[in-house]
Structures are given as C-alpha cells and as structure tokens.
Amino acid sequence: MKQFSILIAGGGSTFTPGIILMLLDNLDKFPIRQIKMFDNDAERQAKIGEACAILLKEKAPQIKFSYSTNPEEAFTDIDFVMAHIRVGKYPMRELDEKIPLRHGVVGQETCGPGGIAYGMRSIGGVIGLIDYMEKYSPNAWMLNYSNPAAIVAEATRRLRPNSKVLNICDMPIGIEVRMAEILGLESRKDMDIMYYGLNHFGWWKSVRDKQGNDLMPKLREHVSQYGYVVPKGDNQHTEASWNDTFAKAKDVLALDPTTLPNTYLKYYLFPDYVVEHSNKEYTRANEVMDGREKFVFGECEKVVKNQSSEGCALHIDEHASYIVDLARAIAFNTKEKMLLIVENNGAIVNFDSTAMVEIPCIVGSNGPEPLVVGRIPQFQKGMMEQQVTVEKLTVEAWIEGSYQKLWQAITMSKTVPSAKVAKDILDDLIEANKEYWPVLK
C-alpha cells in the first residue's frame, strides 16, 4: 500500500496533537511516511511541534517528522495538506464575539457579524495555502476544515475554481455521532443520511439504517424533548455553552418538525435568546483560552520537559477520523459517501446553482460527485437564500475592497436587526481588524 506525505497547515493549533494521534491510530488504513507542520507563528508551532516529535518517535519512529515556517520546505513533497488555520488566533475571535454583543447582536465565531469578520481574515490565509501547495506540490489535494467554512468555500470557488481543494466541516459529524448514540447504534456509519443546506446552516431530511428502515421518527421524538443531549451520554465533559446549544435544538426542530436541524440554526432563529444568555465579558473564546489552550500547551510542555509522553493526557481526536476517511477516498478511490461543501450545480434543484452547499457526495480519486437532493421547502430555501447572499457579499467585499458590500452583508444577516446597527458593528470591526482585512473604500 502506498505511504503518504501529510502537511498539517496551522501546525500551532491546539487540535494538531489530537489529529496526529488520530493519524497514527489509522496507519493500517492510511499509511504515512512523512508528517510535516506549517504555521506562520514559529514560537507557537514549536511548542506543539516539539511534543509531537516525541509522540511520533515513541509511537511511529519510521515516520519522518518536521515543522517549519518556510513555505517551500513545508509544502514540497506533499500528497495531502490538512488545513486548519485561525488567522488572528483566539484574541481576534474574542473581538469577533464581543464587538457584536456590545451592540446587542449575536457574538459567535462563525455566525453573524463575528463570522463575517473571521471570514474576511481567513480568505487571504487559505488562498495563500492553496498557492503554496500548487507551487511546491502541484499534485497534492487540500482537505480544508478552516472556519468559517462557508465563506472560505465561496472564496475558493471564486478565486481558485480549478484547485484541488475539498471543504469539509465536522459539525454534522458531531451531531450524527449523537444521533447514533440516541438510536443505540454502534457508529454513525450505521446510518444512511440525506442532508442539505449551507455550512453551519442545514437540515437532515432523512436518516435510515443500512436495511433502509426510517430512523427519523425515533430521532424526532428524542430531539423534540431533549434536543441532541444524549441520555446517559458523556454530557458532563461537554462545556456548558455546548450543552445549551445541543439542548436548544428542540426549539429549532419545532419550526419544522419534518426535518432535523443543525444546531447552529439557533443563532439565526433565536438570536434574542442567544444574546440574553450570553456573558458579554466572558465568551466562548475566553472559555477556549482558559480551557483547551492552557490544557494542550500545558500537556505539550510536560511531554517536552519529560522527553516522554508517559502520563500525558493528550488524546486522539476521534471526530477527526473523517479527515482520514476523506484522504482515503481520494487516495484509494473508496467511493465513500461524505458531506462536503461543493458548488450546487443543480443538486438542489430550486436553489442558486453557484451557491456552495453542504450535501452528500460520493468521493473518489477524481474528487466529489454530489448527490441530487431535489427540491427543498420554501422555509429552508428562503433562509438559505438570505444566508448565501451574506456569504457571497462578504467574498465580493474582500475581493473588491468594498465597504458598501460588507455593510450589505452584515445588514443581510438574520442575526442583525437593522442597517444602522450593521454599520455601527462594521465600523468597530474595521478598527479591530486593521492588521488583517484589506482596506475597505
């Protein structure tokens, strides 16, 4: 079996050790000869990289390992780029969340004005990675799971339409893991699903078992009472903010009980509730900086200090196994059915053909073949048209350096009550993002 060379772009991410451990756990299915890391923050990456070097030496000494801030070094001789970058890191995420909240609007990483701000920072970073990949390893594929995936995917469609980039998100996978637990199934792969929408903005229209039996009634019954909170599940290890999001799905479901919703729809359908239950001084970004950031860097420090991973609490990122499934589908033409963010092109019959939609695809060595979804109901279509307009205007604003279009994008967001509030938020975001955004005129 061929052995592959992997580059993790965003090597300094706190998700990197979990992803590397997950890759090592799947070597029988996806053999690896080399793992590289790339980041533009040398100091941050070195802390993670030194610990990962020890993990690899212990668990898979045959795999060549390196990390670099030099694009040529990092991107040469690569088969797959796994991209998870956060331009501006968590201090900028904190502003994405707190600036809208100051104006009484949802402050969230990928939804509403915060997601638009993050998108404006991310476009240049992701396009840069694609260009490095195409220059130094022109046959490589990029598996991009950088947020905000919807805006990033639209930017890749507009700016690098022929690139070998697959945009994927783990949120539906996380919810499907919960669905499988609710149903008492071994794995989410025991379900056959049909899902449609935009990224962080979609609905399951059917869930069946492998024998074709309809599982929707049982799921709907559970979600209508408990949301996606799992009975006897590992809920105590889920942060409070996530538990609330999973529970709130029951109210989102009530709007259309024929489908099952993505949890992120709460930000668009219940923005008043979200703002009311937000702490304007301590947001999700603070939770992450005080939690996962300190934990992962602390554990990496211990590994380096002891020159051993013994007693180390870093664990495999199980959810991230979808990245291996995707890489295997390309490498070995497995024809696996996966949710990807792809150009609609008629898959959703009554929706913009150029929209980047999140739908099931059959993935093989030539990339994804989207499955036909058919027609979608007016309610979902209307919501998606409003949201895809936000995403398209944001990308146009970045390309054209247009203040007008970004103001329109924020105004169009279902989370924002008026054009005046949109303008006030935009002006504050411009001030905060001077280092990262193009100049808007």
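Glycine is no exception: its Cβ is also placed from the backbone N, Cα and C atoms.
The feature NAD(+) binding site is assigned by Swiss-Prot to 4-70. According to Swiss-Prot, the feature substrate binding site maps to Arg93, Asn147, Arg284, an assignment based on similarity to another entry. Positions annotated as site 'Increases basicity of active site Tyr' by Swiss-Prot: Glu109. The annotation Mn(2+) binding site is assigned in Swiss-Prot to Cys169, His200. What Swiss-Prot lists as active site, proton donor is Asp170. Summarising the annotation, Swiss-Prot assigns active site, proton acceptor to Tyr264 and lists similarity to another entry as the type of evidence.
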Mapped DSSP class for Cys169 (Mn(2+) binding site), helix or strand or coil:
coil
Give the residue from the recorded positions Glu58, Glu109, Asp170 that has the most other Cβ atoms within 10 Å of its Cβ, counting over every protein chain displayed.
Glu109
Can you tell which of Pro31, Gly49 has the least company, meaning the fewest other C-beta atoms within 10 angstroms of its C-beta, among these binding-site residues?
Pro31
Taking only the Cα atoms, work out how far Glu109 (site 'Increases basicity of active site Tyr') lies from Arg93 (substrate binding site), in Å, as a whole number.
6
Show, in sequence order, which residues other than Arg93, Asn147, Arg284 on the same chain lie with their Cβ within 8 Å of the centre of the Cβ atoms of the substrate site.
Arg86, Tyr90, Asp96, Glu97, Gln108, Glu109, Thr110, Gly114, Tyr118, Ala285, Val288
Looking at the binding-site residues listed here (Ser13, Met22, Gly49, Cys169), whose Cα lies nearest to that of Arg93 (substrate binding site)?
Ser13
Give me the Cα-Cα distance between the residue listed as 'active site, proton donor' and Phe4 (NAD(+) binding site), rounded to a whole Å.
23
Distance, Gly49 (NAD(+) binding site) to Asn147 (substrate binding site) (CA atoms, angstrom):
22
